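A.B. asks: Here you go, one structure.
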Amino acid sequence: MLSIIGFIITISILVFIHEFGHYCIARYFNVKVEEFSIGFGKALIGITDKKGVRWKICLIPLGGYVKIYGYDRSLMDKTKEVNEKVAFDAKSCLERFLIVAAGPLINYLLAIIIFAGFYCYFGKTEIPPIIGNVVASSPAERADLRAGDKIVKVNDKSVKDFGDVQREILINGFSSSTLTIERKSEEFIVNIMPQEIIISPPEEKQVNKKTLRIGIIAKNESIHTKIGILGGLWEAINTTIDMSALTLNAISQMIVGKRSFDEIGGPIAIAKESGKSIAGGTQMYLLFIAMLSVNLGLLNLLPIPVLDGGHLVFILYEAITGKLPHPKTKNILLQLGAIIIIFLIIIAVSNDIQNLFS
């Protein structure tokens, strides 16, 4: 029950924030907003404000939308004259671009605010990139890494924290990573191929959670630093960028077949994680919201027709060429985008069901 409640609350918060971004910028540019909906299907409750916007909560809590006047004229009442002053498609390319981009960007803004709050309040704890132990029969042992070795670079990128090492290896995925090691004041380079392992968290019933490892354990020491507002904001932005890079890398590896689509989670997976984060307390839940918000913002920026990113591409095409995309071409691309989204939804739900009964 906690998972169901957590899922509804979490999705409602993220969808509201996302759609509110579209709403605010549309209103700023004097574009008429007709509806603001949390959920799909039959309206459970609704109210119409003085500006004529119908605010409602619908039966199926799997998303939401803002109905913007003039967004798609093919769906408008042909018997009524269009009010060009408040129509979306009568605005400039820049104004339309900002309206469409506002949803994903406000998701990023929410995540940055939450992360910044945590950094300012709790500070930052860094674990030096020094190896404390090497796992037997691991890639690290085969590469002759030893306790006390300091990792200076990963794939030519300097690392200052053990988390940096983990991130760079994960971003590189199943490809070999190049580590610059400092041992007794001497530096040398090793190439190491991570191995895929299956982990079974104690609280989980299924055992099909996959991750990558090279088999090193950090030395048991840490450095805690207090961070001011500007420092917290900077760290929050970097954290958001790192999370986006990891997600994009995972997507690209799935496309080329280096990672399995089994890793895609659907509503049941989100519901389970929502329940666990709520049970873990306010701090854990806020971090969960921030991480989901990053992913929601990023996924909506992907150049897939029907998503915000796809519409941004159409607007950019118009801005560069001075011409609207051909209606037939646009419709074909929108249908293709819908097929891609439906395909991903089927995979996500299928994975959820499989994990539920595994």
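Any Cβ shown, glycine's included, is placed from N, Cα and C.
Found this in Swiss-Prot, in case it helps:
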BINDING   His18, His22  Zn(2+) binding site
ACT_SITE  Glu19  active site
TRANSMEM  52-71  transmembrane segment
TRANSMEM  97-119  transmembrane segment
DOMAIN    102-186  domain 'PDZ'
TRANSMEM  285-307  transmembrane segment
TRANSMEM  332-351  transmembrane segment
A.B. asks: Pick the one among the recorded positions His18, Glu19, His22 whose Cβ has the fewest other Cβ atoms within 10 Å in this structure.
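C.D. replies: Taking His18, Glu19, His22 as the recorded positions, the minimal 10 Å Cβ count falls on Glu19.
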A.B. asks: How does the domain 'PDZ' (102-186) divide up by DSSP, counting helix, then strand, then coil residues?
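C.D. replies: So the domain 'PDZ' (102-186) is made up of 36 helix, 23 strand, 26 coil.
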A.B. asks: Six or more residues out from either end of the transmembrane segment (285-307), which same-chain residues have a Cβ under 8 Å from its Cβ atoms?
C.D. replies: 10, 13-14, 17-18, 101, 103-108, 110-111, 114-115, 117-118, 240, 243-244, 247-248, 251, 270, 273-274, 277-278, 313-314, 330, 333-334, 336-338, 340-341
